[in-house]
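A short worksheet on the structure shown next.
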Amino acid sequence: MLFPLPLRVACSLLGWFSLYKWFCHRYRHRNSEWSCRLVTLTHGILATCLSAYIGFIDGPWPLSHPGSPNTTLQVHGLCLSLGYFLFDLCWCVYFQTEGALMLAHHLVSIVGIAASLALGESAADVNAVIFGSEITNPLLQARWFLKETGSYHTLTGDVVDFLFVVLFTGVRIGMGAWLMFCELASPRPRWYIKLGGVIMYAVSWVFMLSICRFARRKSMRKYQAWRSRRSGAWCPKTNGHLKTH
C-alpha cells in the first residue's frame, strides 16, 4: 500500500467536498441541495460501475467467498465510498435534510466500510452491499431533478419510477436476501460484519414498505386518470339540445 488507509479516506473526503464546492460555484443560481444531489449522482454512477466490475469481473465472487481477504481494487473502491458517505453524512446533519432512518443507513455504511478496511477482509461482501445500495441511486436523483425542473409528471418520470421500483425490488430485496443468506451461512465473516449486513437488509425492507405505499398510490392515481379519460371519451359532444334545421 503506497498510502495509509486514513490518508486515502481523507483524500476521498476532500475530493468529494471539492466537487461539491465546484458544483456550488457552477450552479450559483441553484440551492445547496442541487449541488449535493449532483455529488450523490456522481458517486452513485461511479460506485455502481466500480463495484460491478469488482464483483462480476475482478472478483472474488461475494456469494461464494464472503469474508475473503481484501484486494487492492476493493480497498480503492471502499475508500472512495467511505469518503463520500462521510461527506454526505456531515452535509445531512448540517442542513438537517434527512430523517433518522437515512442517517442510520449512512452510519451503518460508514462503520461497515471502516471495519472491513481495518480488518483487511470482507471487502467482497461490503462491495456487494454498496452495489445493491447504489444501483438505484442515480434513478432516485433523476427523480428529484425531474421534480425540480417541472418534468416529473411526464412519461420520463413514469419510466424512472418504474425502473427504480423494479431495481430496488430485484436487487436490494431479492439479491440482497441471497447475499445475506450466504453471509450468515458462511463461517468466515466476523459476527459484527454479519450483524451489519442484517441491519442494512432490514433498512432496505423499511424503504421497501415506503416504496410499496408510493407505488400503490401512484398506480391508483394513474388508474383513476385513465378511467376519467375513458369516461370523457364516451361523453357526447352536444349539450343535449336539438339542433334547429
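In case you wondered, yes, glycine gets a Cβ from its N, Cα and C as well.
It is 36-55, from the ranges 36-55, 96-115, that TrEMBL records as transmembrane segment. Same-chain neighbours of the transmembrane segment (191-212): 67, 101, 104-105, 108-109, 111-112, 115-116, 119, 122, 125-126, 129, 132-133, 164-165, 168-169, 172-173, 176-177, 179-180, 183-184, counting only residues six or more beyond its ends whose CB sits under 8 Å from a CB of the stretch.
Against the transmembrane segment (6-24), stretch 75-94 shows more Cβ pairs under 8 Å than any other of 36-55, 75-94, 158-179. Outside the transmembrane segment (36-55), and at least 6 residues removed from its termini, the chain residues within Cβ reach (under 8 Å) are 16, 19-20, 23, 27, 61-62, 71, 73-74, 77, 80-81, 84, 87-88, 91, 124, 127-128, 130-131, 134-135, 137-138, 141-142, 144-145.
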